[in-house]
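Everything below concerns the one structure shown next.
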């Protein structure tokens, strides 16, 4: 592979030969992954895994096993084989600054499965179940007589708790503890009762929320099927449905607001007032959104027809490559596995180190020397490997679409072009994907650092510093989006011609610049149509949510449930339609290369679909009429 690397190749020969690309970057990525594995192995070898899974008390003892004495710490080195659960004396005392529970932790043999209101109840629980909830130096018979019990016993009433599966921690069953934690995080909620009502609304409507989330998934799948089979009329259907859906949703919101305002006098409850205020905000926001959407559609109506042929060709791609629809599932599944691994190792790192006495006389585990910076390496790994997984999806989709486009006889397509694309990716182009994802990581890390600094200095910096920080964050965000788009086209160029990342990025950039008018006229309008599809799914799911949650308005505040449902619907729609958007972008680059290096003459026949040629001719005529035709647009395309 090292000797077959051809960085000087410029002639486009689609799918004619394959060579390994950016091998040094693949080696660098493998070394980086080995470093990630070393962090995991180090944390496990130092006992962090046992401390995380089995739990440990405030004296450094791991629950459920014999322990070694820690110098200078009383109650350390105990045999806690029979005490397998961690119990916090005050589980609701949460230190937000240091992200931990600010309470003495003990190892107990059983969690209290019912509320204990007095010291006598705690003593009776210890005598009955053999689980001592007070500190080790107190015997159960001393709970009600020893004056130290006020400090060494749990704060009562002791809430009912249950062990967390696999982690052996006693957690309160009542969610009020977590509601107080959320109150401290959400600083804009001045009235704590508001947050309690929001959380109760989510818990009461959880079945409806799950059903609506499933509905958004079904709608996204249906929309993908519609794109495949009725792509010619899809654009106009989406445009009309979005306009009607926006008008209908806005009308329903104003109708519900008027109806509830009339009946508000009969039901003077805080929940009714909150719902009335939420309906007014929703109605105003929906009205503004509908007006803006209508104006955009009105301005772009002349260009809507230009996307129909391109959507038709993209629909053919999904007919021949049906597994493309399921590509987001595999990517999401791999990302979930990696994130679960990453979070597990992060928790290991939180309990890694040597036992050190703190100011209060308890034990903390801290790492000394360069090892304490391992979590920075771990964070970089999160970003780079996540981007690598996403880039693998882009390269896989690009390879499959390139195979479809540059195969003249569609009957000669591989049995599974997706698997063939994955095979080429693994055998030849992992180094290119590693390099492209690393470039995105280099831009994303400074942006996250600036965002963290902006959050920490909120309210402390002057207006000039705040403006400069926001400007830098915005510029880095724009740079990241531009590089992501260029990376995607570079992956397509690599899939076509098997060149390294820099060569592919340069060639793709030149092609895009030469076809700037086509990029503006085709890609932008196509992306807008896909955005309308996302809006349609969100509006449909949100409207169904409004109608269902409206039946619970008397006893449930449904602001938060509706927001959760709409966010989930948008994410699902984005995952599915982003694949369609990716296919459109790959098709456009293939088409631009096809028109540049082929003219329809013998030996240089076009690869493109006939519908796509008609689309380009219509686009060229439209641009000429608008006074923007010329150059490459003025060249007639000869049929194959």
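Here the Cβ of each residue, glycine as well, is placed from N, Cα and C on the backbone.
TrEMBL tags one of the stretches 181-206, 233-258, 415-440 as transmembrane segment, and that stretch is 233-258. The feature transmembrane segment, as given by TrEMBL for the ranges 137-157, 158-178, 305-325, 452-472, sits at 305-325.
Within the set 332-353, 486-507, 596-617, the record from TrEMBL flags 332-353 under the feature transmembrane segment. Contact between the transmembrane segment (23-45) and the transmembrane segment (528-549) is not supported, since fewer than 3 Cβ pairs fall under 8 Å when only residues 6 or more apart in sequence are counted. Most Cβ pairs under 8 A with the transmembrane segment (528-549) among the ranges 208-227, 279-299, 332-353, 373-406 are made by 208-227. Listed as Cβ neighbours of the transmembrane segment (373-406) (distance under 8 Å, sequence separation of 6 or more from its ends, same chain) are residues 14-15, 29, 32-33, 35-36, 39, 42, 317, 320-321, 324, 327-328, 330-331, 334-335, 338-339, 342, 345-346, 349, 367, 413-414, 417-418, 420-422, 424-425, 429, 432-434, 436-438, 440-441, 444-445, 448, 487-488, 491-492, 494-496, 579, 582-583, 586-587, 590-591, 594, 607-608.
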